[in-house]
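Undergrad: Sharing a structure here in structure tokens format.
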Amino acid sequence: MAAAGDRGGREAACGHDSYRSPLASRYASPEMCFLFSDKYKFRTWRQLWLWLAEAEQTLGLPITDEQIQEMKSNLDNIDFRMAAEEEKQLRHDVMAHVHTFAHCCPKAASIIHLGATSCYVGDNTDLIILRNAFDLLLPKLARVISRLADFAKEQADLPTLGFTHFQPAQLTTVGKRCCLWIQDLCMDLQNLKRVRDELRFRGVKGTTGTQASFLQLFEGDDQKVEQLDKMVTEKAGFKRAFIITGQTYTRKVDIEVLSVLASLGASVHKICTDIRLLANLKEMEEPFEKQQIGSSAMPYKRNPMRSERCCSLARHLMALVMDPLQTASVQWFERTLDDSANRRICLAEAFLTADTVLNTLQNISEGLVVYPKVIERRVQQELPFMATENIIMAMVKAGGNRQDCREKIRVLSQQAAAVVKQEGGDNDLIERIQADAYFSPIHSQLDHLLDPSSFTGRASQQVQRFLEEEVCPLLKPYESVMKVKAELRL
């Protein structure tokens, strides 16, 4: 993100005659876009130069209050056109902005960037942005979990057909299935928080991480160099800085960051794929606006476009983790510049993509529609087959022979299956059992034996316990931001 490069005035290109990433122009929230903007980045560079100067002054370097005040007064006075022209000539973005800052701070010009290297502003700014980007994502993820938790609680007892291999399996409940989604997202919330809290500042380290330039500034005073590093780290709001760096902070950090975002992408993709499949089965739908058009040619269509968008972007988010993996592996010795162009793209895109999928998933989770009658019909189509073992056990209790009963059930089941598969009819296994005198001892028990709630096990209790013991405590730190609604740009 921050290293030598050439914008050459391209930031002025806008409108409809130049490419812009759809992540910024179409999808991501304004607050996340601002965090990765040039304005935020270069303003943070200036803030870092100010913090460095303040700390150096405190530790005895000849820096005046007037110079400090001049820097403070010009933090937002950024001449982007001048910076672009400087970079065009110098082919170095940091020095271009040193000159631009110095131009509006003539008294402080001599002490701007004193003792520092490009990565002092570049890498430290990246770390500040990464931390702040996590701070934007975490409440959004918490809100998604909260909305889905409300949905799971509401649907905790509604029996639905479970699927393994996307083939009918035993019953579960709509709420229990939702808890599978929530559990993955809870793991993501914990992982994002962990990586955010473990971020360390690069600090004040010099060109190859040895702090040689600062040791020279302070005339060999080790303690003052240590104090300088600590003071700037604290000003930036970090608890710790790396003790060891090359010119850059280790690019393993970027792997950690994008790995947890990619893992979030996998969770979102699974959830939204399930919703898309359920929409096809007509059991559940995402919100669909009154004026929304599903197809230009088929007016009856209600396509799950929000879930499809999430899946589309989640694939991109998962793929991005390959960039920092490759980058970290080819950083020769103290650093090479082939990390720079790649990181300008992948770090921003990862957070803008994660931001978009969370905004969209919150919107989906706030308006999920369930169709109980459709669910009930599908359950009734499969339940007779599931109930055969219970029917056999009831017959044995009534005095029947298990083997004889099993054979009769097998024959009747095959006949019923033929009606479903070959004739397209409904499952009539229960009608066949009711018509067979052999099963007369249990005819009065059939309704009880076919009660769907008796096939869902402890699903309802599991939902309640999971929400109370795991989800609610995890969401407690985010209570104050739970009421925020998701706004989709498109």
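We count from 1, first residue shown onward.
Quick reminder: no glycine exception, Cβ is built from N, Cα and C everywhere.
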Undergrad: Write down the one residue from ARG143, ARG309, ARG315 that Swiss-Prot lists together with ARG26, TYR27, ARG91, HIS92, ASP93, THR117, SER118, GLN247, ARG335, SER340, ARG344 as binding substrate.
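TA: The one candidate that Swiss-Prot places in that substrate site: ARG309.
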Undergrad: Distance check, please: Cα of LYS153 (N6-acetyllysine) against Cα of ARG26 (substrate binding site), rounded to an integer number of angstrom.
TA: 34
Undergrad: Got a sec? Which of these binding-site residues, SER118, SER340, has the most Cβ atoms within 10 Å?
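TA: Answer returned by the neighbour count: SER118.
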Undergrad: In whole Å, how far does the CA atom of ASP93 (substrate binding site) lie from that of HIS165 (active site, proton donor/acceptor)?
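TA: That comes out at 54 Å between the alpha carbons.
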